[in-house]
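Take a look at the structure below.
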Amino acid sequence: MATAGMRLLPQIQQAALTREVCSYLRQNTRFYIPDCSKHVQVIKGETEGLYGWIALNYLLGGFDHPEDHRHGKGHHTYGFLDMGGASAQIAFAPNATEAEKHANDLKLLRLRTLDGSSLEYKVFTATWLGFGVDRARESYIKTLEEYYEPFEGELPDPCLPRGLRITVDGNPATQSQPRKPTLLGTGVFDECLRRTYPLLGKDKPCQDHPCLLNGQHVPAIDFDVNHFIGVSEYWHTTHGVFGGKGDKAYDFATYQKRVKDYCGQDWETIKSKVDNRDEFEMKIAQEACFKASWLINVLYEGIGIPRVGIDQVHSANVSKGAVENVKEKGFADPFQPVDKIDGIEVSWTLGPMVLYASGQIPPKTYDDRFPVGFGSNEPGIPADFQFAGSTWQSSQSQYNNGTLVDTESDDWDLDADEIIDKAKSNSAAGFFMFVFFLLVFLYFFRRRDRRMRLYSRVNCFIRRTRRSGGSGLRSKGSHGHGGLSGLAHKVFGSATAQSMGSYERIMEEGEANRFELDGNGPFESSIDGYADTNDCGRVGRSSGLATPKDHLGRFDHLVSSPTVSALDRSGLVVRTDSRERLTLMPPPLGSSGVGRRSRAGSPTRLKSPLLSPLQEA
């Protein structure tokens, strides 16, 4: 998530940068990023402030133990103040009166505790782009140049230590740049406060009262119950070169005195206390006075924080025990800068993690079913609702009398949207791969002989499988055009039937090898158990006809049957009788072997002792 530094760029440049970042993460890390627009994005300043508010109150325990943080009027949360280099944010929960009056200006935040109970807060959050210390410094330099224009040379700067000379870019001034204006520090802090005050934009028109900075509307802050915690520059500027790191609590009177004492020194004295070899520390020392003046103006002239030690602060009507719990760290004061809470650095980046973890907790009852996230202050799920990015939902979860019952032992915490996004991202590639392999398949099998070869191998494999299963005679459909054979007949044409070796009656003409039986014929079907299964390899490579083997044990009924002459039908030899029938029948007396063969080339089948000539009764 990118913040103010990216928000300063035009939208086109923002999109280009986020696209490059996402591409790098996908190529060089193992992060699962199905959608770049969701996982690499520039967030709004209001969202950044709300995340910071969540992180702060989570670390302070305001969510889990509200009884330990009672500020009065039913209020137990803390306001969040953040200032970086480019922007500043504020987030707080107004009191009940202001929340009702400015309901449309608030964000509805929904969380869930470990026991599944739902928590809802109505939070106001605002951001001021350009109000970070670095951008404010740039605006301040421009006002100096405009004030002394067309003066060339040295510009008196009350926000720099006395005697310090630097360029408007913040670099040390040199003699080689005589024509460029330089800043000469005068070290007058009160004048610095006066020069930085106009940058607050308090004179800007306010369209919706009340307003704070730059004419921007903010609900009235009740400092009796609204206590603010400042992070980032609020901490570094109050506890940096001005000391105060050992203080238990911050107070304005002490801080203001330290600032005036520091900024009233000449630069050589300050420089002697800083390591000259550390450019970063030198830069901090140069800019400390401006940052202090800017922070004081924002806090006390812009937001209106009461000056502890100077202004009279009304104490809230709270119990003494509740005050003592937070007063040790100064959290009962209107403003307190912090860096860490219980050893954990306070940062807005913790906020989205708290939201994500909260979204994985199943709701306790049906009334707690609304998802975790934030959006407009409307009942239910607003149209602009931003979900936590996680889910507790289980396909077997049900409610029984208002209580959640999980009928499965497993809790599914995968986000369904991420799964759908992943499927969408892979669908195009999968489609093109399918089309590619389909075209390759069609190209390879465009020729009929290749299709026949593939079919023969598949058919042989199926036959072997049937034989290994110990099946007996094949089903009736295996000899016709049912099943795979019928499909092949339709796909490959009539030639398939011939290659299957369909049984034919012997006609008068043709050569002997034409009338040999195929291994797929009815006789071969009955003796598959005796045949060598390796014969399948010849299917499709020969003519499709194979000579049957001399296993005649299955034809005993033909041998033992009464002798029938081939001349039984009106004394004529029927030439259309099957070859097997003519071969197995002994010639009638006086026939001189007529009808025993269809031609001289037919093979002799009487070599088996089982087929010795039959004797007449």
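Cβ atoms are placed via backbone N, Cα and C, with glycine included.
These figures come from a predicted structure and were not determined experimentally.
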Given ranges 474-509, 546-581, 582-617, the stretch to which TrEMBL attaches the annotation region 'Disordered': 582-617
Neighbour count (Cβ, 10 Å) for Ala88 (ATP binding site): 30
Neighbour tally for Ala86 (ATP binding site), based on other Cβ positions within 10 Å of its Cβ: 21
Gly85 (ATP binding site): secondary structure state under DSSP, collapsed to three categories: coil
Residues close to ATP site centre defined by Gly85, Ala86, Ser87, Ala88, Gln89, Cβ within 8 Å: Thr3, Ala4, Gly45, Asp82, Met83, Gly84, Thr127, Trp128, Leu129, Gly130, Phe131, Gly132, Arg135
Listed recorded positions (Glu48, Gly85, Ser87, Gln89), ranked by Cβ neighbours within 10 Å, top entry: Gln89
Close binding-site residues near Glu48 (active site, proton acceptor), where close means Cα within 10 Å, chosen from Gly85, Ala86, Gln89: Gln89
Secondary-structure category, per DSSP, in which Glu48 (active site, proton acceptor) falls: helix
